[in-house]
Amino acid sequence: MVVDMTTASFFLLALLHILTGIDGQHHHNSANMPAPSFGSTMENITVINGRDASFTCVVLNIGPHRVAWIKADDKGILAMHDRVLTNNARLSVLHSDLHTWTLHIRDVHRSDRGVYMCQINSDPMLSQTASLEVVVPPDILNEEGGGEVLIPEGGMARLSCKAKGFPQPRVTWRREDGQDIVIRSGALQKQRVSIFEGEVLTFHKITRSEMGAYLCIASNNVPPSVSRRIVVNVHFYPIIQVHNQLVGGPLGSNITLDCMVEASPKPINYWARESGEIIIPNDKYRMEELDVNTYTTRLRLHLKLSSNADEGGYKCCSKNSIGDSEGTITLQKGWRRKNRLGGGLTTTTRAGLKSWTASMTLTVLRWR
Ligand SMILES: *[C@@H]1O[C@H](CO)[C@@H](O)[C@H](O)[C@H]1NC(C)=O
Ligand SMILES: *[C@@H]1O[C@H](CO)[C@@H](O)[C@H](O)[C@H]1NC(C)=O
């Protein structure tokens, strides 16, 4: 007997070992029997990691022969007839009817991928192969922990979302509120995209309008896709805008003073008289704060113009951990129509230790 270490001989040796006697007994009769053949082609399988997979081998006229399952990559014999020959507890074989042999792999691992062979120990040996591919749904590696970043306005930020899976997942980014992402490639070049592709999303000179929740989504067509939410907080000192710097009305009228504040983190806002006396809500004064967006608040002071003492300067003030700012509105009686003059920015700002004045040019308008 010529022994070369091919799959076939490997198989035959193993078979003789296990089925001593049986094989020899039938050997003499095999010439009178129709030769075995495959009844169908074995199908390639793609399966999601952790699920089960089965190869089915249909053999006609098996006669005295035996069916074995072999991992073609390493020539390991997995099973023979109805016995599993490896110590892989996830494997089982089933001989369900006269013609059908099934190799079942439970809880498939990535390492199970490869080419599987169904072999018949006839002479010549017969075999057919099919491959098992194991795909893995995407997973986002959470090395950076917290889903929130704080960046001073004008600063730089990198959001990173590394994903694994098989095939390698595609990572895309979008804003939760549906607004575009601004990609700056050069000093002047910028591009707006609704979806950005790549593991790292970089902000150069971030602006307040880029503040919000960003979602990175990893997908490789193996369900389920996964996403991660990162909140980008841009910090800046309060800026106050006063549209009507001069407001008036007859004695006895109800007056509303109006300021817009942009600040992040959320500021503490209050109103004061020009003297610095803080206004507290009571029968005479009522205050309102309306959120316009995540960093913009509209401040309103409602008051009754009941005496000459109510005339003069009112300040809306805003303060957060980065700095503070105030805007001034002048109230005069005897003026019926709202003034539309002097719209713009009137603000004093102190940012951190560096104290500076942005613009405090309130035009003094005289009323005739
Ligand atoms: C199985 O995949 C191999 C490549 O891996 C291919 O050559 C073969 O034709 C496929 N068989 C079937 C039945 O699709
Ligand atoms: C002023 O507002 C109060 C309620 O806030 C109301 O009762 C009063 O009638 C208003 N006066 C004028 C002149 O509109």
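Including glycine, each Cβ sits where the backbone N, Cα and C put it.
Note that this is a predicted model, so its numbers are computed, not measured.
Pulled from TrEMBL, these are the features on record:
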| type | residues | note |
| --- | --- | --- |
| SIGNAL | 1-24 | signal peptide |
| DOMAIN | 36-133 | domain 'Ig-like' |
| DOMAIN | 138-227 | domain 'Ig-like' |
| DOMAIN | 238-330 | domain 'Ig-like' |
In the domain 'Ig-like' (138-227), how many residues does DSSP assign to helix, to strand and to coil? 3 helix, 48 strand, 39 coil
DSSP on the domain 'Ig-like' (238-330): how many residues come out helix, how many strand, how many coil? 3 helix, 59 strand, 31 coil
Take every residue in the domain 'Ig-like' (238-330), average their pLDDT values, and give the whole-number result. 95
Using DSSP, what is the helix/strand/coil residue split across the domain 'Ig-like' (36-133)? 3 helix, 52 strand, 43 coil
